[in-house]
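Here Swiss-Prot flags THR2, GLN3, HIS4 as Ni(2+) binding site. Positions annotated as FAD binding site by Swiss-Prot: SER14, GLY15, GLU34, THR41, LYS50, HIS113, ALA114, ASP302, GLN308, LEU309, THR310, HIS437. Positions annotated as disulfide bond by Swiss-Prot: CYS42-CYS47. The NAD(+) binding site annotation in Swiss-Prot covers LYS50, ALA174, GLY175, TYR176, ILE177, GLY178, ILE179, GLU180, LEU197, GLU198, VAL230, GLY261, GLN308, VAL341. Under the heading active site, proton acceptor, Swiss-Prot lists HIS437, citing experimental evidence as support.
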Amino acid sequence: MTQHFDLIAIGGGSGGLAVAEKAAAFGKRVALIESKALGGTCVNVGCVPKKVMWYASHLAEAVRDAPGFGVQASGGTLDWPRLVAGRDRYIGAINSFWDGYVERLGITRVDGHARFVDAHTIEVEGQRLSADHIVIATGGRPIVPRLPGAELGITSDGFFALQQQPKRVAIIGAGYIGIELAGLLRSFGSEVTVVALEDRLLFQFDPLLSATLAENMHAQGIETHLEFAVAALERDAQGTTLVAQDGTRLEGFDSVIWAVGRAPNTRDLGLEAAGIEVQSNGMVPTDAYQNTNVPGVYALGDITGRDQLTPVAIAAGRRLAERLFDGQSERKLDYDNIPTVVFAHPPLSKVGLSEPEARERLGDVLTVYETSFTPMRYALNEHGPKTAMKLVCAGPEQRVVGVHVIGDGADEMLQGFAVAVKMGATKADFDNTVAIHPGSAEELVTLKEPVRRPGDPLPEGAA
């Protein structure tokens, strides 16, 4: 016998939980299908365990910096197994919360792997479920290239399973995941090498952030190799070797981490049985309202090819439920001006357009402001990472279309500035805001002279 629901969410990660929770709050009958622990990548092998370890790495840095401020810190060595055990207990508590919360909401939890039978019917381990509305929110998985010896490396999932600290690490990829793991491992004392196919780190970010990040990583002791095309991994008694297409060899690593992107978890869902369009890369295209090409079937989160960020999946899921069940027929997520943070050492953040993006989209109408400095946090230390900031402003009114920050506190300070950008704030609005002193964020409201005006060329390497 087939059980019928108002909504079925396939995937118990951020997006699936959000749409299921909201639909249940509207009194709808909801089923949630998941084969693993609730919380998805973010809770189990992503944002949450990463952030716990990021905090630990900053404590290690603080211990090293303490003597410069007259604080005699003792110890400072890392107990990796203890950190991992505490981290995993914390994740387990979050899993338990979600298990109980889903039950309290009256959501039917279905354990197993879902496959479409038709556009409104799902089969899970021999059990059939149907719904008026089905949401696909199955997230993604780390990519491992098909190269000789690729199995000698681990992914970010494997990193969070490590029971001992790796001592000499190669990270392949310089996106969010690669940069974040590089920073925290180096702060723990590991030797770290990052290789990337692109010609700069975090190539999708503003060039100022990429350049400052490279400078800070170099000062931290992280070795980088750009335009390095990995052809194979090899292993001998000395460890694992990275072999580039041009024959360059980097040798002697005890761990190699693949951080070259993520692929959508859409294989084996039987999407073809429902007639759901799937792109060659596995992404499920949707319109602005999360509709797929099949009425009553929706997709959200990483599988749609949009911003692969937890808050984006949550926001899209909640808005979808409001549209379907709360009479808000035009409710949808605005994907413009979504803020994001990379938890590097120090972190970097952005909202809006980079300078090259703004130039391409808006034309030669930009006024750009920049600053860089070493913050007071390192006033009594011999060295400290650089902070850098950029405002990208457009038109004669100088509407702020991009805010870019790297430095201590960048992760927390950007949220408020993101509200301002979303509301259409101008440079004059920033100027008319009284600064908080002393602090790094005040620089964003006290920038005076532009470094570039309309008609000025982009700086070299900023295209």
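For all residues, glycine too, the Cβ spot is worked out from N, Cα and C.
Sequence features annotated in Swiss-Prot and their locations in the structure.
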residue : record              : contacts (Cβ under 8 Å, 6+ apart)
THR2    : Ni(2+) binding site : THR121, ARG128, LEU129, SER130
GLN3    : Ni(2+) binding site : ALA31, THR108, GLN127, ARG128, LEU129, SER130
HIS4    : Ni(2+) binding site : ARG29, LEU129, SER130, ALA131
CYS42   : disulfide bond      : GLY13, SER14, VAL48, THR310
CYS47   : disulfide bond      : THR41, THR310
LYS50   : FAD binding site    : GLU180, LEU181, LEU184, PHE343
ALA114  : FAD binding site    : ILE10, ILE33, ILE122, GLU123, VAL124, LEU269
ILE179  : NAD(+) binding site : VAL194, LEU201, LEU202, LEU213, MET217, VAL342, ALA344
LEU197  : NAD(+) binding site : GLU227, PHE228, ALA229, VAL230
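Across the structure, GLY175 (NAD(+) binding site) and GLU34 (FAD binding site) are spaced 28 Å apart at their Cα atoms. According to DSSP, SER14 (FAD binding site) is assigned to a helical segment. The CA atom of HIS437 (active site, proton acceptor) is located 35 Å away from the CA atom of GLN308 (FAD binding site). One residue stands out among the binding-site residues SER14, THR310 for having the most other Cβ atoms within 10 Å of its Cβ: SER14. Other C-beta atoms found within 10 angstroms of the C-beta of VAL230 (NAD(+) binding site) number 26, with every protein chain shown included. When the record's FAD-binding residues SER14, GLY15, GLU34, THR41, LYS50, HIS113, ALA114, ASP302, GLN308, LEU309, THR310, HIS437 are compared pairwise by CA position, the greatest distance found is 54 Å.
Binding-site extent for NAD(+): residues LYS50, ALA174, GLY175, TYR176, ILE177, GLY178, ILE179, GLU180, LEU197, GLU198, VAL230, GLY261, GLN308, VAL341, maximum pairwise Cα distance 27 Å (rounded to the nearest whole number). Here the CA atom of ILE177 (NAD(+) binding site) lies 24 Å from the CA atom of GLU34 (FAD binding site). Using a 10 Å radius centred on the Cβ of GLN308 (FAD binding site) and all shown protein chains, the other Cβ atoms total 19.
For GLU34 (FAD binding site), the count of additional Cβ atoms within 10 Å of its Cβ stands at 26 [all protein chains shown]. For the pair GLN308 (FAD binding site) and ILE177 (NAD(+) binding site), the Cα-Cα distance reads 12 Å. When the binding-site residues GLY175, ILE177 are compared by the number of other CB atoms within 10 angstroms of each CB, GLY175 has the fewest.
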